[in-house]
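Colleague: Handing you this structure, nothing more for now.
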Amino acid sequence: MQTVLRILAFIGTLCLTMSYKIEPLPDSYAGLGEGPHWDAARQSLYFVDIEAPALLRYDYKQNKTYRAQIEGEQLAGFVLPIEGKPQEFAVGCGRRVVIVNWDGVAPVAKVERTLFEVQAAFEANRFNDAKTDPRGRLFAGTMRYIGDEFEHRHGELYRWEQGKQLAVVKTDVGISNGLAWDEKNKKFYYIDTTDYEVKSYDYDIETGVASNPKVIYDLRKTSPKDHLLPDGMTIDTDGNIYVATFNGHTIYKLDPRTGKVLLEIKFPTKQITSATFGGPDLDILYVTTAAKFDQPAPAGTTYKVTGLNAKGYPGVNLKI
Ligand SMILES: *[C@@H]1O[C@H](CO)[C@@H](O)[C@H](O)[C@H]1NC(C)=O
């Protein structure tokens, strides 16, 4: 009897882990891919290649990726479409959030103007991951990119809304990374990579204020050199979160209410940077990766994961 149960449990695990399928997106290479954002109106996945710096757009219907160099810039941490302005995007260039004009096809994108700038005294800092909350407010965080960001926690997380003063959501940040909101359960989830943790906050959707941080998942291992580095994150409509690990080959699907791992999605490369749901039914998980520190191919490939039996939310345009 026990053997039968064990075999059944094994088959169960096998079914769970084998239900999904991972495929590369064509021409999707990014040396440091990040910030995937699903644009439902255009049925396109936007993401950045941070150090190129370039904007990329995978067109679902055409099954084709377009790439544009951002003229005159050194870094691009994120890309977010602007509400009502189809050719305008908010992009984190260094310590500035700028408005970039791109038609989604041309090989070059141009900076139009600066929306705002932060941390003038911290020249070694840059914007990293950013997202809009369900109401279209911008949440963007910084990190130190020259020197040791684990030791010198000079990063901050900001909230920006048109017509309001820039708000500091959190100071003492090493590498500001994954962001996700669960409007139904009034939660905001946040990752500072250098904390090796995922935190949950209570979230007031009317004010955009996050409070009462709690650690919901800890990625530390027995030996510090084995600690997993949590990176980008997304959420599904069941309220489960998907945490990319920069050195772990894996996206962890977690139930943030219990801290339980529900699924480990494994990739043929190590530096998994972020993920977001997209596609016509919002049931495809798009995943960015990196090829930092001489990682061999297929590092830097952007993937789609199907068969997860979960759906996400489309990206929200930034209101300016
Ligand atoms: C997209 O294009 C790639 C590369 O040509 C191909 O391997 C893949 O099957 C295509 N996917 C779809 C959904 O057409």
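Yeah, the Cβs are placed from backbone N, Cα and C, and that goes for glycine too.
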Colleague: Quick check: of Glu34, Glu51, which does TrEMBL put in the same divalent metal cation site as Asn177, Asp231?
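Modeller: For the divalent metal cation site that includes Asn177, Asp231, TrEMBL also lists Glu34.
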Colleague: Long-range same-chain neighbours of Asn177 (divalent metal cation binding site), Cβ under 8 Å, sequence gap at least 6?
Modeller: Asn128, Asp129, Gly141, Ile191, Asp192, Thr193, Pro230, Asp231, Gly232, Met233
Colleague: For Asn177 (divalent metal cation binding site), just give me the three-state DSSP call.
Modeller: strand
Colleague: Restricting to the same chain and to sequence separations of six or more, state which residues have a Cβ under 8 Å from that of Arg126 (substrate binding site).
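Modeller: Leu75, Gly77, Gly92, Gly94, Arg95, Thr142, Met143, Tyr145 - these are the non-local Cβ neighbours of Arg126 (substrate binding site), listed in sequence order.
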Colleague: So if I measure Cβ to Cβ from Glu34 (divalent metal cation binding site) and keep only same-chain residues at least 6 apart in sequence, which ones fall under 8 Å?
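Modeller: Same-chain residues close to Glu34 (divalent metal cation binding site) (Cβ under 8 Å, separated by 6 or more) are Phe47, Val48, Ile50, Gly77, Phe78, Asn128, Asp129, Gly232, Thr273, Ser274, Thr288, Ala290.
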